[in-house]
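Chemist: Starting off with a structure, shown below.
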């Protein structure tokens, strides 16, 4: 009997409470970076019925209207009706932002290497905190992402498209998806076993109507027919009713969907969240760099899947460790890949910022539907412009 395995990942829509918080935090970050690219930002958001609290630490020369940024973000998501219990113009906005700690700033603004006499400009910035970050890539999809998270993101994005276009008029902003994929004995995806979709809706919509629309206009529009069969299970709004949703149904916080933001649990995670943080925070920038490395390694044919771990000490520019794990799929020893990675990629915070041009206001667009593997927007860590350099570096190491 051949061994078959199941793996499940989930995603949530832009109207999910935690994702509202992420988008507000990144909208604030973008607004600040648009005026002050050198700003240090750590903006956290909490949302609940009728209220938004924004708090954290910011050092900047910019002035932004946080109240307006918050309301505009909520309106763009689709919370514009009072009956939702959370609407752009009536919600209470409560900002409480202070300046970044001087003790932290001194290590970020002047790294240990710089204090010890290193005159390289890229050694000047130290990591904003200690920590470990992972990046991953696999050849299951054209964007080199695991199939379960890729499909999960596409499903909730499709729901949002149908809601905003008015094609399904009874949809409301909050939604979740979950996809279980069956893999064969060679770890290749062969079919979709289960799809779960819960979508907020107007009270007049019937369960039968929702089920039919979601299966025909969402699931079958997203998941290739080859992956669906008579045994595929669909659970559509399995509680039977989802009228109360968004922050009226659950409170939301920045940084509570870190697995949705990355690889759906298929790869390890260092625990740090992304949204609301400028690029001196390696939780964010080094995670992007690790994805950039892993994706280019797989695209170069050096492995069929790759996980890259980076780790840092606060106030120190150079990473304390770089590890490449290819799970036995690499064409050369992993030590060779690690050496090649160190040759090709400057993994000091300032090196990552320069390499990926991370001082720009590009972050709000990442705050829903995943930071990795995006095909709908142009993100620098998704580019395959280091393939040739990696192949050549491997040759020099060998």
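A Cβ is built for glycine as well, from the same backbone N, Cα and C atoms used for every other residue.
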Chemist: Among 100-110, 111-121, 122-132, 133-143, indicate the range for which Swiss-Prot gives the feature region 'Flexible loop'.
Modeler: 100-110
Chemist: For the L-methionine site that Swiss-Prot describes with 100, 250, 281, which of these is also annotated: 57, 216, 307?
Modeler: 57
Chemist: Using C-alpha positions only, work out which of the binding-site residues 44, 100, 281 is nearest to residue 16 (ATP binding site).
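Modeler: So, of the listed binding-site residues, the one sitting closest to residue 16 (ATP binding site) is 44.
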Chemist: Of the binding-site residues 44, 57, 281, which one has its Cα closest to the Cα of residue 250 (ATP binding site)?
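Modeler: Closest recorded candidate to residue 250 (ATP binding site) by Cα: 44.
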Chemist: Would you identify which of the binding-site residues 18, 57 has the most other C-beta atoms lying within 10 angstroms of its C-beta?
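Modeler: Result for the most crowded candidate: 18.
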Chemist: CB neighbours of residue 257 (ATP binding site) within 10 A?
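Modeler: I get 25 for this one.
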Chemist: Return the single residue from the binding-site residues list (44, 250) that has the minimum number of other CB atoms within 10 Å.
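Modeler: Counting other Cβ atoms within 10 Å of each of the binding-site residues 44, 250 gives the minimum at 250.
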Chemist: If I take the alpha carbons of residue 257 (ATP binding site) and residue 100 (L-methionine binding site), what is the distance between them in whole Å?
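Modeler: Answer for this pair: 25 Å between alpha carbons.
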